[in-house]
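Worksheet: one structure, shown below.
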Amino acid sequence: MSDKVYVFDTTLRDGEQVPGCQLSTPEKIEVAKELEILGVDIIEAGFPISSPMDFNSVIEISKAVSYPIICALTRSVEKDIDFAADALKYAKRKRIHTGIGSSDYHIKYKFKSDREKILERAVAATKYAKKYVEDVEFYCEDAGRTDNEYLARMVEAVIKAGATVVNIPDTTGYCLPEEYGAKIKFLKENVKGIDNAIISCHCHNDLGLATANTMAGVLNGARQVEVTINGIGERAGNTSLEEVAMILKTHKDVDLHTNIDSKHIYALSLLVSKMMRMPVQPNKAIVGRNAFAHSSGIHQDGVIKHRENYEILDPEDVGIPQSSIILTARSGKAALKYHLDRLGYSLEEARVEEVYDDFLKMADAKKDVTDDDLIILIEGSLPEGGIKLKNVQIICGESVFPSATVELEVNKEIIHASATGTGSIDAAFRAVDEILGEVFDMDEFLVQSMGNRNDDGKVHLRVKYQDQHYMGFGVHKDIIIASVKAYVDAINKITSVKSKVLKATA
Ligand SMILES: CC(=O)SCCNC(=O)CCNC(=O)[C@H](O)C(C)(C)COP(=O)(O)OP(=O)(O)OC[C@H]1O[C@@H](n2cnc3c(N)ncnc32)[C@H](O)[C@@H]1OP(=O)(O)O
Ligand SMILES: CC(C)C(=O)C(=O)O
């Protein structure tokens, strides 16, 4: 039977240390409940001594979830451990995670101490935590830069003192995968009693090697991975949960498994990104906007013929409905035909050739080609029903209700409506909904500056309509106008597709 790799999620502790990512207790509870549904084995819920709110969050998360072990972090300091034990009092399954720096950098410059004294503190902290809980994890901070002989002594000593899990963090993200894997192998082969504990990998991404190092650890005998959603965490971040989970799921040759129900990955990635105000880079593995988007002709042709020509993962396995074929000047006729078919146009080969030439000129000029653009290419203009943004007026400020008046041209008729909202953008979207008599469900919204403060703002959003996703883009010096343009762009795609499909099936 394949071995289980325990997933220890530290989004709410290491992830939450990132500036701007702090969450309120109710927000942490919401994430914790979703982590439970995802199937993580351990949730590191906080560092209870650090602040009253962190202490309280560990208490409330302990009450809110049942299956995962709730873990609280401490230094090798008795008071920290007292606080952690107190915060864990309601947890159905609990763990204290204590530890100390083991590298000579930390011993000499952080603690101004020596190796023997630090070893004594490590053992004392483990024994002290053991008075409160059976399950004690010990971290050897900066193990990545710790001499292996000394690390092995520390690991052996804390296991003897009762540690059930030994964490070997590459705190500074320094190790190469071979080096980190060899470190875990060294501990497996040289520590007496190592089989009485689980070895855990906690790798940082300073050199972009966090996932590779974690996998090297696992392949050399570690059975717990410390990860975060979207790889968020101190500095360049931690190992990302979705990457390790999907590596283990995809590589059938590696006889290991996790308890992760991968279909929930994408929804949780969106939730964490939104709540922690940390946009996911578009090319991020598994959950980035482009992770399943194909934009060059040879790849698009290959995917259209057989998805697995260019995809090693099925997007549905991570909760993404489908991969996408993006039309650009690098697209070929296969991609163009694919979209024309989808829009209900079945054209003769000669006509496709003709449209393709015009398409390329348009793609060179516009960079990406939308459904509306294709319809214009075929029909010369947008069908009746196209919506144009004519005007937006906003009232906002400290002590006023954010409100917006929007004017749209719908079926050649000018219509305007006003609405209030939680902010100016929400108010403007509501005014659009008011005019169109329909509320569109938006599940992604990203505002980016194209440069400095007087450059254009770019908005990318995604609207869900009848189980299909429609992207909207808008660019303007004013981000509110850019947002409304993007919203109208997405709605126009919905209405274009709707009218084309109706025409095709009539
Ligand atoms: C690797 C990790 O630990 S990742 C977790 C990092 N997370 C955090 O630091 C967030 C929570 N931290 C905090 O809220 C605060 O730093 C506290 C409450 C822990 C400590 O606050 P303060 O008492 O004001 O100490 P301060 O933050 O200035 O300095 C840290 C102290 O802890 C000591 N320390 C650091 N790590 C450890 C450890 N693992 N075990 C024992 N002592 C430690 C440092 O040597 C320093 O003590 P010193 O001033 O006597 O040398
Ligand atoms: C507390 C430990 C596990 C840590 O976060 C690190 O070493 O990076």
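Heads up, the Cβ atoms here are built off N, Cα and C, so glycines get one too.
Database features, via TrEMBL:
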type    : residues              : note
BINDING : D14, H202, H204, N238 : Mn(2+) binding site
DOMAIN  : 5-266                 : domain 'Pyruvate carboxyltransferase'
REGION  : 388-506               : region 'Regulatory domain'
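Sequence features annotated in TrEMBL and their locations in the structure.
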| residue | record | Cβ contacts under 8 Å, 6 or more apart |
| --- | --- | --- |
| D14 | Mn(2+) binding site | E44, E226, T228, G233, E234, N238 |
| H202 | Mn(2+) binding site | T10, Y139, N167, I168, P169, D170, T171, E226, N238, T239 |
| H204 | Mn(2+) binding site | P169, D170, T171, T172, G173, A210, G233, E234, R235, A236, G237, N238 |
Tally of residues which DSSP labels helix, strand or coil - the region 'Regulatory domain' (388-506): 40 helix, 51 strand, 28 coil
Taken over the region 'Regulatory domain' (388-506), the model's mean pLDDT: 85
Other CB atoms within 10 A, centred on N238 (Mn(2+) binding site): 32
